[in-house]
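J.: Questions regarding the structure given below will be posed in turn.
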Amino acid sequence: MPKIRTSRTKQPPEGYEDIELILDDYAKKMRDAENESHEGKRKAESLWPIMRISHARSRYVYELYYKREAISRELYDWLLKEGYADANLVAKWKKPGYEKLCCLRCIQTRGGILSGENPVHYSAADPFRLWVIQVVIIIGFTQILALGLGKIRQPRVIAEVIGGVLLGPTAMGRIPHFSSTIFPDAAMPLLSLTSTIGLILFLFLVGLEIDTRMIKRNVKASFTVSVAGLLIPLGLGAALGVGVYNEFIDKSVNFGHFLLFTAVAIGITAFPVLCRILTELKLLDTQVGVVVLSAGVGNDVIGWILLALTVALVNSSAGLTALWVLLVCAGYCIFLLYPVRWGFVWLARRTGSLEQGAPTTFMMTVTLLVVFISAFFTDIIGVHAIFGGFLAGLIVPHDNGFAISLVEKIEDLVSILFLPLYFTLSGLRTNLGLLNDGKAWGYTILICVVAFSSKFFSCGLAALAFGFNWREAGAIGTLMSCKGLVELIVLNIGLQAGVLNAKTFSMFVVHALILTFITTPLTLLFYPSKYRSVSGAPPKADRSDTEGKGHAESKSPHPDSDDLMSRFALVLEKVEELPAAMTLSQLLQPNVNSSTPTLVESTTSATQIAEVLAPAEGGGTPNTPPPQAPRKITVDALRLMELTNRASAVFRSQEAEALMYNDPVISVYRAFGQLNQLAVSASLSIVSYDDFADVISEHVVNSDTEMLLIPWSRGPTTLLTPPDAPLSPSAAAQSASAMPGSYGGGRQGRSNPFDGVFHKTTTLDQTDSIVHSEFIRSVFLRCPCDVALFVERGTAVSARSLVPGQRLFLPFFGGPDDRLALKFLVQLCAREGVEARVVYVRKGDLEGGDSRDSEVEGKEGALSPPMSPAMNHLTVAAADTVYGAYNTQTRLSSDTADNLLWEKYTNAEQVSTLPPHARAALSRMTFTAETTPKPLHRVTELVEAEATRVSEAGGRTLVVLAGRSRRMAVESLAAELREIMSPPTQAGAGARMGSSVPKTLGDVGAALVARHLEASLLVVQAASASSTD
């Protein structure tokens, strides 16, 4: 029976205190195992836990003496004598081969937490468990803080450092045994090693961000700002170091080394954080952004060189050694930046990586080897390993998006896992409790004032000298004072080198956090969006006289004119939206003879580039009278890319000019426009997802758009049955009432919970996307012009596109949105092959509940449906369009407008006065009027019947136009919609649909989605009166 040591016979030898806690923990486990109930167990089963713990304790003592040589012979003999180790086991382990066999048996018989092991207990033989616990806590704290700080536009690094401060001795460390349990000193080397690997990779990404081509942009101003932002802060930082050294630093630290380090800490600018702030604030394409980015490149490179010099001096024992270190480092830089770079670029070309714009697996292997070998070399010569990673990033070419693709492959692992560990370690080393007197806080404030003012005034005055106004100069000075990531790296290097102690380290960390925190709000204060000027943009022309007159004449009087709308803006976010965008764009183009579009203008900037395609002048025959020809349709495609916290998104924003010509979405749609004789212009904007709606609204205003088009592509489709397999009668019956989430027909069939097990999936309905629905509603809310949302539905794979002609359907209920839908339908029908049916649906009580259908043949009698009060649609989930309450006057006004428009298109006398294109369109349209007690039910029946006829005739998917109808003077059909969404006790026929669908598509569109009809939707919303005036 193993011994359970509870008391000692005599005082232990020296060194026992270092292992006392671990041995006591073993003793506690053995006591717990002995006290455990053994009822119903065999004797061997009862003794096994105690024997296993005794075995592990003996193994621990054996390794202390024979493997690590961590204890003396005297202490080892004492431990054997006192029963802390089994001498027989130790004697066996000393035999050759027995140790490996025993270790294998130990691994196979580990019981884990079910055998009473504590996963929080650190074991040098198995440190993985505690490491995972540390990582989960660190990432959890970081993510929670980042969510809150991100709302006020603060960089992620602030959340990472504050999380470390809270986990450290400042806050959580004051909880008894928290630090010794979760972050014990013995576990810190593994955490530090992991974070160092991440830091090397992060510095590699920082080197990738530095593009020397930026320096060429506005060279004189950038060079002056960079030099002024280095010399003056370096001098003031050295002066500040004198006082800090005399008050807080031990005199054993070299005075010169400390001054040099302090100067670097004050003078350096955090280039990575600076890039992200400029991108998030949309300043990259402004004069301020160009100057700050160019100056930041030079400032960053010089700062790293000075830091390398400081580290070399601190690590060297003599001045001559430091000189040799610097010479070797300089030689390695030359070797890496020239021969190695040439070889790297040659290899990238040979492997096809540069041509493809993405590194191959072999190229990724070579890149990672270069990074770590470079870090290894700079570490062994006496310079920190991070400099090797930084230098490796400088040799990567930026051609054809190669650097962006390289970053995309490693950035998430670095930014989510590795980097938070490093900056949390910085927080763990920060103890704000050491700043416990007025002198410490006074010097902390002084450090903040000197660091900010030295950068702000020097860079601001340099900018003023080059003609920038005081707002731009203030923004430049504020941005150049940003610290962030690089500052914290410098501080950690200083702490590791012994230049800083814990107190001064905490003071400088507080200063870095404060200066990084104030950068964004001060920049917005000095340089709001209304005062910004785009770099390289021509001055804004005065829209008076000739240009203003031409603009006024070209703009169509939207409410009453019969002219075609000619200026459209199209939103393109994903490549999946191209089919829907092409389908809708093709319907817009009337059948006119026009020449092929030619390139007439090109304007470029950092984040927004426009390449305009327009028809050649003098298109058409010379004898055609200009007044008789319809206006040319122009489509301005706005390509949106999301700006995230990823480094690759920042790279894209910096290389937007080249990306404009290489983006596949823009290239495909441009080619489509040329083939269909559409005047296409393409713009690209890289902003955060939350700013998409604002960017679209601004683009609509700047481009003088009449209608905004938003394509909503179908969800991903996977057939449940083979395409060639015939449908059984039961399956055919099921396809008529397809399951929720499918598009109502075809071969999808019904799904069951086991479909995923047998690799059967279904088509996802795009309207289930809550996030995209909220984005569309934001566009409806903010857009100042008419908006058309094209929801592509129907079968995913079909040969119908080969059949000419398109069938459209419009249920007309009245109101401004339905009136816009009717006018837009007339324009779409101006294209040959497009036919439409319009049904004026009125709500009324009829005997027997049947609907009454009447063909309209130019008679006066198109009556307005009765109206009920509209609701103010304000939701908590996201921003939504809010309409004011209406009164009798507005109700009668809308009713009159509906009657006039209906009469205009159905009365033969008035039709004869319309333009030729309108008369031709009306000849392909049929108008009917119906009265029914359940309008939505009747509309779904009509659409289903129409879609069936189109499908049997082999035509293209039916397109249903509908007004969003969520504004005043429009009858609410919400009660009937709820009835459609929840049919009475019909097994499997329930339509499960989120509440965001009616808010996005309106009642009519939501009813069609709920019934899963095979028809695409074109939902339109008319611009408000204030935006069209």
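Glycine residues also receive a Cβ, built from the backbone N, Cα and C atoms like all the rest.
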J.: Among 22-46, 597-621, 622-646, 722-746, find the range that TrEMBL records as region 'Disordered'.
T.: 722-746
J.: Would you mind telling me which of 474-495, 1002-1023 TrEMBL tags as transmembrane segment?
T.: 474-495
J.: Using TrEMBL as the reference, determine which range in 157-175, 651-669, 670-688 is annotated transmembrane segment.
T.: 157-175
J.: Name the range, of those listed as 128-150, 187-210, 361-390, 440-468, 474-495, that has the largest tally of Cβ pairs under 8 Å with the transmembrane segment (257-278).
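T.: That would be 474-495.
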J.: Decide whether the stretches the transmembrane segment (157-175) and the transmembrane segment (361-390) have at least 3 CB pairs under 8 angstroms, with pairs required to be 6 or more apart in sequence.
T.: no
J.: Same chain only, please: residues at least 6 beyond the ends of the transmembrane segment (128-150) with a C-beta under 8 Å from a C-beta of the stretch. Say none if there are none.
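T.: Non-local partners: 119-122, 156, 158-160, 162-164, 166-167, 182-184, 187, 190-191, 194, 416-417, 420-421, 424.
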J.: Report, as numbers and ranges, which residues of the same chain sit near the transmembrane segment (320-340): CB under 8 Å and 6 or more residues beyond its ends.
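T.: For the transmembrane segment (320-340), the nonlocal Cβ contacts are 308-309, 312-313, 370, 374, 377-378, 381-383, 387, 391-392, 394-395.
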J.: Under an 8 Å Cβ to Cβ limit, what residues of the same chain, 6 or more beyond the ends of the transmembrane segment (440-468), are close to it?
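T.: Result: 220-221, 224-225, 227-229, 231-233, 236-237, 240, 243-244, 247-248, 266-267, 269, 287-288, 291, 295, 434, 474, 476-478, 480-481, 483, 503, 507-508, 510-511, 514-515, 518.
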J.: So what's near the transmembrane segment (410-428) in sequence-distant terms, Cβ-Cβ under 8 Å and 6+ beyond its ends?
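T.: Sequence-distant neighbours of the transmembrane segment (410-428): 135, 138-139, 141-142, 156-157, 160-169, 183, 188, 191-192, 194-199, 201-202, 205, 485, 488, 491-492, 509, 645-648.
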J.: Within the coiled coil (16-43) only, compute the mean pLDDT.
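T.: Result for the coiled coil (16-43): average pLDDT 64.
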